[in-house]
Amino acid sequence: MDTHSKETHVQSVFQKVAPKYDLMNDLISFRRHKAWRKFTMKQMNVQPGDTAIDLCCGTCDWTIAIAKASQNGRTVGLDFSSNMLEVGRKKVDKEGLSNQIELIQGNAMELPFPDNSFDYATIGFGLRNVADYSRVLQEMQRVVKPGGRVVCLETSKPTWQPFKSIYYLYFERILPLMGRLVAKSYEQYKWLPESLKAFPGREELAQMYREIGLQNVQAFPLTGGVAALHIGVKGKDKA
Ligand SMILES: C[S@@+](CC[C@H](N)C(=O)[O-])C[C@H]1O[C@@H](n2cnc3c(N)ncnc32)[C@H](O)[C@@H]1O
């Protein structure tokens, strides 16, 4: 799929699933995504005053968690789906964080910020959806300060048989049916396994981090490798 077709397809998927996105996340991951997010926040160790940009922020769960941890630190959420942002904005308002969190409709491939702007750049279940993974990681590296972190939480590929076979059966056959039943979106939930197929495995993604120059790269498998957390640091020489 070329860049334009992938972006158009992905945008239409999320415009459609936005109202049911949070419910479906709980269902399809058996609520594991909450534990993955908690583990991620622990590893990030955000300090009061830290600043962050959350790419592909969607309905803003991670954006809100970062803003709370950084207390008064500037937090930006960026996404290209107006419907996902709308759901997110309601949650941000409900949490009383609308003065701290700035939500922007934009493309993760071209961040509208100067170099060295943030302490963290994060992307949650978003990298798999973009047209050029490496370009987005480079953009994340560009906008963090030297010493800042590029953090990616994403579905991944378990390698251990027989778990792997059961997982693929669930992901490719059962999950789209759940999408049809609950969110009335069979085609949209078919996109999840399709996008995972093309996405690098845990080690390959860590290698991609290193290739663009990120340092001290850590890759954590989550729940038998069905998800993974990657963290890399921007070198002081990259200012
Ligand atoms: C699976 S959702 C993840 C939402 C949220 N980060 C989370 O952790 O639940 C993926 C999001 O990425 C957004 N997205 C995909 N490609 C994008 C791009 N190129 N630029 C901006 N947003 C994008 C979609 O609109 C969608 O809201």
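Cβ atoms here come from the backbone N, Cα and C positions, even for glycine.
Among the candidates ASP26, ASP79, ASP93, ASP119, the one that TrEMBL lists alongside THR59, ASN107, ALA108 as binding S-adenosyl-L-methionine is ASP79. DSSP assigns ASN107 (S-adenosyl-L-methionine binding site) to coil, not to a helix or a strand. The highest number of surrounding Cβ atoms within 10 Å, among the binding-site residues THR59, ASN107, is found at THR59.
Note on ASP79 (S-adenosyl-L-methionine binding site): other Cβ atoms within 10 Å of its Cβ, all shown chains, come to 26.
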